[in-house]
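Here is what TrEMBL says about this protein:
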type   : residues : note
REPEAT : 35-69    : repeat 'PPR'
REPEAT : 105-139  : repeat 'PPR'
REPEAT : 238-272  : repeat 'PPR'
REPEAT : 308-338  : repeat 'PPR'
REPEAT : 339-373  : repeat 'PPR'
DOMAIN : 552-635  : domain 'DYW'
């Protein structure tokens, strides 16, 4: 609840007004109560130590005395009002400023502008600015430009910056730091680059704070190459610089680059913090690199950050996405306080492992604990319902989202529901849902319908979905491959040819498939038909034995029937069988969606060798054991 502080009016014989009671002792002694300097000294100390509410109480006491506030007094009092976001108190202070003739003092003008901007009252801030007899002070321009940007009014901020330049008002590092954050969308990248050039031209390129700000701007605009170029040219990088680049790589899905930069940071003995670790754990989650994730966990424990909730959430996500759901659950259960992100991470973890019933139980328990769900956790639980075939439960959650929690479903929610309906063959219902969506369907929505058409071999609807999705995402190679596979299963050679011609015209190439397996502290990467691994000969012998349905010793010298046709996950599995103890679970990470032939192959192998195989493909985890898969052939 916001506290409002009514101040004593400046005219005499007026009763003191207050809407709260305080038992705080009077700080000023009787001897000092008639002069301004002691009051200002105390106000400055309270403000310096973040005791803003106490500072305003002291200011009220000052008004009751015979001391007269001056520009310094108002600077400290307004700073306290800004920090507490008290617009009513700030407005009262403004009245006092005018009555005491301090409204033209630069420090007071700047504080008033900042106060109104902090409270979201940019119109009043502009009025203060316009009432200046000659608004030529850099600090005043800085305060208003920064205020506009912070209140998402970038156009007015840009206009004021242009006015500042036309008037010949000198800008400084504070100007750049206040203005650049407004250029963090791709449409404004050109302006951010212009500011960068201006920054270099005016000799501010050695300012580390500005460099960090520009680096963050490039990252948020998705210009990773420009960000890295700037990063490499910063002579002395601070921790904020490293974190900005690591976070930028992580947010843009460049997980390998995150780990590379993290190792470089370690070699230079730069001590990481929680922000660093969150970025690194995110990269480990994307790559399925549990080994480095475990090392990071040990460093978190030794550095005294084991209670950091952000790191706990990142660890849950990392272990779940690396296939170690049991460890993710242990971390979740041990957390004394779980926030919405914690629940979202564990629910999403169970969802991608196909354990929809557990995900649903956790979601319902979360609501029982009083935590209000948001759109993100609804995506997780709807996706979990889709992967597990919980159609009715998923539709109920969509209704609950709108009716009970008044949340407007976004495109990602609808794509989950389209997938949910499509997987059980309710294709027409899924298509009608797309037509009735309250938001414009994006590529993911039509892509979900296209995927469902593959499962149920509906070529006609698949062509409709494909035409829609390639309008929205013309360079997404996955959709072309998906339609080509649908045509292949339908023996439609003409359709296959059309897709290939379309890909050729648009210069699209299928992403190379690869899989990797961690063994004895090292990651082994395989691509289709790979012959570069030191154990290639043994790997193909093992595959040949598996292909023939057993481990007959007489088959060891035979070559596999189609070496070049061996997909990467088969190579990784054969390598794992050669290099792990009997009974050890095998986790393989794959960058693409597992194909039907390989899915059938791993099911057969899991029965032959009596092992648990966990394969993470582009969309989910598959747990193969005793000839069956956790997805129930439903992926």
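Placement of Cβ uses the backbone N, Cα and C atoms for every residue, glycine included.
Mean predicted confidence for the repeat 'PPR' (105-139): the pLDDT average there is 85. Within its own chain, the repeat 'PPR' (238-272) has Cβ neighbours under 8 Å at 208, 211-212, 215-216, 218-220, 222, 224, 227-228, 231, 278-280, 282-284, 286-287, 289, 292, 299, counting only residues six or more beyond its boundaries. Secondary structure of the repeat 'PPR' (35-69), assigned with DSSP and counted as helix (H, G, I), strand (E, B) and coil, comes to 26 helix, 0 strand, 9 coil.
Residue counts for the repeat 'PPR' (238-272) under DSSP (helix as H, G, I; strand as E, B; rest coil) come to 26 helix, 0 strand, 9 coil. Note on the repeat 'PPR' (105-139): residues 71-72, 74-75, 78-79, 81-82, 85-87, 90, 93-94, 97, 146-148, 150-151, 153, 156, 167, 169-172, 174-175 of its chain, located 6 or more positions outside it, place their CB under 8 angstroms from a CB of the stretch. In terms of DSSP helix, strand and coil, the domain 'DYW' (552-635) has 32 helix, 16 strand, 36 coil. Residue counts of the repeat 'PPR' (308-338) by helix, strand and coil are 23 helix, 0 strand, 8 coil (DSSP-based).
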